[in-house]
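Asks: Below: one structure in structure tokens.
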Amino acid sequence: MSNIYMLYLVQVLHLFVLTKSSRVTVYQGDTLPHHGRCEPITIPLCQHIRYNQTIFPNLLNHAKQSDAGQEVLQFTPFIKLNCSPDLNFFLCSVFAPVCTILEKPIPPCRHLCESAKHNCDKRMILDEFHWPKYLECSKYPVAGNDICVGDNNGTQESRQPTESKHPKVDFKANLDRDPTKQHGARDIGFVCPVQFKIPKNLDLEYSLKVGDKVEHDCGAPCNGIFFSQDEKNFARLWIGMWATLCALSCLFTVLTFLIDTDRFRYPERPIIFLSVCYLMVAASYVMGWSAGDSVSCQGPFPPTISGTRLPNISVITQGTKHEPCTILFMIVYFFSMASSIWWVILTLTWFLAAGLKWGHEAIEANSQYFHLAAWAVPAIKTISILAMGKVDGDILSGVCYVGLWDAEALQGFVLAPLCAYLVLGTIFLLAGFVSLFRIRTVMKHDGTKTDKLEKLMIRIGVFGVLYTVPALIVIACLFYEQVHFDRWMVTWHRDLCTTPIYSIPCPFSYQDIERPKFEMFMIKYLMTMIVGITSSFWIWSSKTLVSWHQFFDRIRGRRVEAHV
């Protein structure tokens, strides 16, 4: 009998505290024995209820608050709609039960469940969302028969919401208020919406950084981030068109070399390898254009929460588990880096020929070192990126690359190498020009004609400008992305949190709102392809027409001999 009286005493004391106090805090100095398992509530939906300490595992056997917080997010739209004034407190009593001197969590009372379910059940059905079976009210005790959480004041009817007492939440209006004065002003950072979660059993390398917080097993949506669908469609057409022109131009350059290989000797031969690299890059962009979103995006994946009616959405590809994405990344990154190194080698060979008076044979004798540098260095960097899993889908082009959603990877694997290659190549180019000017001065002093030398200088100068200016613009665009990316993500978080279906808390501050300029991205892709298109400038001469004329003559001659 003493145990029964003690049980009722605990229940009465606990219910009194819940109904009379706005906050419940468990102190270490409680006189009654305490189990020491209480922990502060960190679930955003439950941080402003009648108690602030919880105990885990909870009533649904969640081991951590993060797991419970993700599952309870699916109910946020109905809480914000105020379909029942008791819904929030009921859910918190289940997902984050109050911590007491008892070693087990106390369930909510049945009437609290019924009050929460009232009206909300009808609203859920309209949204094709049914009251979960694991929250059936028959599972919870009746008040007075057993210990439970909930008050007995009023009836279910008296607690039904009214329009004046429970107005609908104006999400947009909340953004204009002082964040420190809002309900739930504590900034907990970005919380991954349920629709963006990646099932852990798939073992995919997904993470999403917003501000200073990194959410693992979370992907960025394929649609609706940074750019509209119309902008994406235009980008695909824009990139596909220029990539096609680039591929055709580079293909013509390579074919011209193949029909007359003796014409292209060092120091000009690196131009051919430069064209080969841009041919592969452009072909990859054309494949990305034709593939749609199948390479740069994945999903939708199965819901991470069983029984939820919230559908997952397609997310931007991350990591190396999506083979088409990985293959296109390897082609685009390897050959784009190799093209930059061949540009350095081209300017180096010009300097060796003009400044140090190296002949064709002397330069060609060291060609194996040129090939080693041009192919080995990009290969090492490509393998390093694959090992680190720093591969991202590009929603604008349809291919995959590195540093698209990771500013640090962009800086280390793209910006730094491109800057180094451009500076080094420009130094060799200028040094070669200085040497050519000296040679020209000496020839004029000796009375030698300098027409051919001057034409060569003009061709080298024009080709140098056609490469360095677009390359410099590409680097400037990448710097723009690297500097502003974090603020773009925070702005996207702000936009996302105002959409009720995602049910995530908003960032604490709304200052420094920035959005990416679509034009900058289009300029970046254009300048990337322009270098490949203008690489054929070097063969724009009468010699090329003669080479092709001789090639077709040989073809016709063979046909005549075969006919005879």
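In case you wondered, yes, glycine gets a Cβ from its N, Cα and C as well.
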Asks: What residue among Cys46, Cys83, Cys137, Cys148 is stated in TrEMBL to be the disulfide partner of Cys113?
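Replies: Here TrEMBL pairs Cys113 in a disulfide with Cys137.
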Asks: Among Cys38, Cys46, Cys192, which cysteine is annotated in TrEMBL as forming a disulphide with Cys99?
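Replies: If we follow TrEMBL, the cysteine bonded to Cys99 turns out to be Cys38.
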Asks: Taking Cys46 as one end of a disulfide recorded in TrEMBL, give the other end from among Cys83, Cys92.
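Replies: Of the listed candidates, TrEMBL names Cys92 as the partner.
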Asks: Hey, how far is Cys38 (disulfide bond) from Cys137 (disulfide bond), Cα to Cα, in Å?
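Replies: On Cα coordinates alone, these residues lie 26 Å apart.
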Asks: Can you check which residues sit near Cys46 (disulfide bond), meaning Cβ under 8 Å from its Cβ, same chain, 6 or more apart in sequence, and list them in order?
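Replies: In sequence order, the residues whose Cβ lies under 8 Å from that of Cys46 (disulfide bond) (at least 6 apart) are Thr54, Val72, Asn88, Leu91, Cys92, Phe95, Ala96.
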Asks: Do you know offhand how many angstrom separate Cys113 (disulfide bond) and Cys99 (disulfide bond) by C-alpha?
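Replies: Cys113 (disulfide bond) and Cys99 (disulfide bond) have their Cα atoms 19 Å apart.
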Asks: Among the disulfide-bonded residues listed here, Cys38, Cys92, Cys113, Cys137, whose Cβ has the fewest other Cβ atoms inside 10 Å?
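Replies: Lowest Cβ count within 10 Å among the disulfide-bonded residues (Cys38, Cys92, Cys113, Cys137) is Cys137.
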Asks: How many whole Å apart are the CA atoms of Cys137 (disulfide bond) and Cys99 (disulfide bond)?
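Replies: Cys99 (disulfide bond) has its Cα 21 Å from the Cα of Cys137 (disulfide bond).
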